[in-house]
Each structure stands twice: as C-alpha cells, then as structure tokens.
Amino acid sequence: MKLRRGTPRAALALVLLPLLTPAGAVEPISVGLAIAGAAASALTGFISYPRLYCYFRECCLHRHDPRAAAALQENLDKKLFGQHLVSRVVVKAVRGFLNNTNAKKPLALSLHGWTGTGKNFVSKIVAESIYKRGLQSKYVHQFVATLHFPHAHSINLYKDQLQSWIRGNVSVCPRSLFIFDEMDKMHAGLIDSIKPFLDYYELLDGVSYRQAIFIFLSNAGAEKITEVALDFWRNGRTREDIQLTDIQNALSVSVFNNKNSGFWHSTLIDRNLIDYFIPFLPLEYKHVKMCVRVEIESRGYAVDEDIVSRIADEMTYFPREERIYSDKGCKTVDAKLDYYYDF
C-alpha cells in the first residue's frame, strides 16, 4: 500500500526506519514514546518527514537556528578571556553569514595567536553553534597539518586528496565546516589547492561551495600581535582599546611573508579570499587566573583563591623585563590543577 504524507502509518514507518538500520546512529529514546509522539504529530500535521527524520539522525543544516548566535555569544563571553576582538568579530561574522541567504562565497576565518590563547576553543564553539555534535558532527571536518599532511614529498598527493575530500563532503552537505589546525606547520603551497572552493564561483562542476565555512588556526603572526599589544601597553592604553583595524592588515602581511607559514605567498591572501584575520592577544596574569577558576568550577570544586594564585604564579611570562604575558596562555592550567586537587 502506498503511504501518504502526513498519515499515522507514514509517521510510524519513519520512526521504525532508523531502528531497522545498523546500530550506532539512533539516539537512545523510548520506542513507545517515539511512535506515539510521531503518530500524534502526523495526525495534527505539525511534523513533516524531514523534521521527524532529523530528530533521530543528524541532518545537514539548511536553515539557521537564530538561537545559535546567542548561544555562541554566551559561550564566548563566559569561557573566553581577554579576547574582546575575537568575541566581537567571530559572532558578527558567523551570524551574518548563516543569516545570508545569498552569500557570494564561503566564509573564511583565519585565527592567529600564541598557543593557549583560545584558537582551538573558539573553533570548537563555532562548530557547536552550528551542529549539536560539534567537532563530532559528520559535517565538521578537522585537519591537523602534522597528522594529515606530514611529508613534503607527498604534497601533490595531499592536494588531490584534499580537493576530493572537500568536493565530496560539500556535495553531501553544502553547510560543511572545515577546520585546518597548525597552519604554521603546513607545507607552503598545499593550502592553495582549495583556492577554487573559496572563490566567488556560483558553481564548480555543478557544486556550490557558497554555504561552506573554512576556519584556519595558526601561531604565525603571533609576534606581530604581541608587538601591537605591547605598544598599546607601553603607551598607557588598555588592550580593550585595540581595534581590528589596528592590527588586521599588518597581521595578514606578516603571515603572507612568513616562510614558516602554510600561508607563505598564498593565493588565498593575495586574492583576498580570507574574510577576517582574527588576532588572539597574548593573555595576562589576570586572564590566567580566570582560566583557573573556570576549570576548577567545571570539575565541581569550590574555588580556592590561594590555589588560583599559586597556579598563575607558576606560569612563565614575557617579555623578560615587563613579564606581562603568559608564554603558554592557559594551555597548561588543566595539568597543573591535577597537582593541587585530588580529583
């Protein structure tokens, strides 16, 4: 018998479909409640096939949830410290792009700064704001230069593999998210292989890449960021006075001319295909203490300010004379807490 859209039998069939397929993709849920809820919804006409299917299986995002931008802002405000530029630019860029129904190109963000300043954390939060499973989503793809592209003599093979991977995944889900970590360790020229996917093409071989998001993480340019931050500090101005216009152009030039960067003389920069170069400022003593407090609270312990200060004091700071910025940011906070608490 042919099933018609919106009938109880159709709803029942859609509910049972995930249960008859291989295990591992269905969230634990009461089958009885699921069947009853689906049938009731179908009877009243409130749930369509795609919505019901996506309740059980992760689906490619076609419509942006307006609450996601608020959640992104809230998470960055609560858990990211000392990065006023990052919070402001990332939220506006991601929200504007997801709300744009006629984007001319994919969104490309390049995050730069010292280790431990929050680059990986921000990319994780962005992923979670788009897909509930975050980095575990099948529509989020993370590449680590030293792991996925280790050998310089295989660069041509990597280029072909990278193009095939991006083309295949965007064909399946236009709203795919690609994260490239350790760009400062990537072989020069490799990242240029994805240039066509970031450009202003409506279609490439029948595929549109305009809904995709690319995020690059790199330590390259950290010296230039520190130079600007120190200049503000030595002139009696706060880090919050720093604007994106004070640093973005100098940062992009610094990265473009850095021979130890995967962006060295990259066409992605030369053709202005990266929308924002986002600087992560080096973290100060007070920011390290904030990180310690949040980590203690996340483990369910009461904050002991003596321990907070002791851990912050154990960090090393630079420049040697002023000792303003933590040379590891907040990266080793978690390990140091294990020493002081019997978790």
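Cβ atoms here come from the backbone N, Cα and C positions, even for glycine.
Summarising the annotation, TrEMBL assigns ATP binding site to GLY113, TRP114, THR115, GLY116, THR117, GLY118, LYS119, ASN120. Per TrEMBL, the feature domain 'Torsin-1A C-terminal' maps to 283-340. The feature signal peptide is assigned by TrEMBL to 1-25.
Between the candidate binding-site residues, THR115, THR117, ASN120, the densest Cβ environment within 10 Å is the one around THR117. Residues of the domain 'Torsin-1A C-terminal' (283-340) grouped by DSSP class, helix first, strand second and coil last, total 32 helix, 5 strand, 21 coil. Each of the binding-site residues GLY116, LYS119 was scored by the other Cβ atoms within 10 Å of its Cβ; the lowest score goes to GLY116. For GLY113 (ATP binding site), applying a Cβ distance below 8 Å and a minimum sequence separation of six or more within one chain yields LYS119, ASN219, GLY221, ALA222, ILE225, PRO279, PHE280, LEU281, PRO282. Taking the mean position of the Cβ atoms of GLY113, TRP114, THR115, GLY116, THR117, GLY118, LYS119, ASN120 as the ATP site, the remaining same-chain residues with a Cβ inside 8 Å of that point are ASN219, PHE280, GLY329, LYS331. Annotation: GLY118 carries the greatest number of neighbouring Cβ atoms among the binding-site residues TRP114, GLY118 [cut-off 10 Å, Cβ to Cβ].
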